[in-house]
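*Asks:* Provided herewith is a single structure, encoded as structure tokens, for subsequent inquiry.
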Amino acid sequence: MASITHLFATFFLLSLLACSSTNAQLTANFYATTCPNLQTIVRNAMRQAVAREARIGASVLRLFFHDCFVNGFDASILLDDTATFPGEKNVLPNQNSARGFEVTDAIKTNVEAACNATISCADILALATRDGVVLLGGPSWAVPLGRRDSRTASQSAANTQIPAPVSDLATLTSMFVAKADGSGNTNLAPLDTLTPTRFDNNYYRDLVTRRGLLHSDQELFNGGSQDALVRRYSINNAAFFTDFAAAMVRMGNISPLTGTNGEIRRKCRMVN
């Protein structure tokens, strides 16, 4: 089973990028009056999903990560291919590996029943990601809300903007900096050897002992600029949790659609 922490392998880089900005239109209480039970609905659905399969918490987070890296966080990864545009689900970084779409579909159905045509799929994915992390023992954070959904997807951007598992440290860093301005098979392996279904800092302990499975993992601790931070996280779980939560908020604030831009999709797999 893939480690949940591995899927956030380079997220801590983002927490170092001071140039990333927040969007003033996003607020944690955006739906306080229009859908007051939103967070409870999402949390209950994620609790059920994680109880069925612990791995789903990592899968939903991966959707969040890959969506944020393609033209901003706008739920474009959730769109199915259509006759007018090829979506992002089947590009090389996602092919046979992106999963969790049924979970976001189920949550959207529950949310629509309570608050019709009010909550974006992007905000649902942001909340589901946070709750999945918490349910697997990770930190919590206040999720800024108020995003709208894109009306299209970008296959070409997905193929070029998502970091690859063979990237070196310079490439990883430059790709994260740019946002602050797989082999495709079905094999699974424990990328955290100690607690593969828990969210904790054992991933960094593996890196320090040179047991990173993927090339891009071990690049984070390989005599380069991030060695000190990896060592810090390997011995200080609280520091990792704090920085991770801050990085998640920053990532969710990458070019959101707000105001009259985009739309509130009725179904996450298709535009209205």
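The count begins at 1 with the first shown residue.
Using N, Cα and C of the backbone, Cβ positions are placed for all residues, glycine too.
Reproduced below are the annotations present in TrEMBL:
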SIGNAL    1-24  signal peptide
DISULFID  Cys35-Cys115  disulfide bond
ACT_SITE  His66  active site, proton acceptor
DISULFID  Cys121-Cys268  disulfide bond
BINDING   Pro163  substrate binding site
*Asks:* Who sits close to Cys35 (disulfide bond): which same-chain residues at least 6 apart have their Cβ under 8 Å from its Cβ?
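*Replies:* Listed in sequence order, they are Val111, Ala114, Cys115, Thr118, Ile119.
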*Asks:* Quick one: pull the CA-CA distance for the residue listed as 'active site, proton acceptor' versus Cys121 (disulfide bond), whole Å only.
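*Replies:* Approximately 15 Å lies between the Cα of the residue listed as 'active site, proton acceptor' and that of Cys121 (disulfide bond).
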*Asks:* Would you mind listing, in sequence order, the residues at least six apart from Cys121 (disulfide bond) in the same chain with a Cβ closer than 8 Å to its Cβ?
*Replies:* Ala75, Leu78, Thr104, Lys108, Asp149, Arg265, Cys268
*Asks:* 10 Å Cβ neighbour count around Cys115 (disulfide bond)?
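*Replies:* Around Cys115 (disulfide bond), other Cβ atoms within 10 Å: 16.
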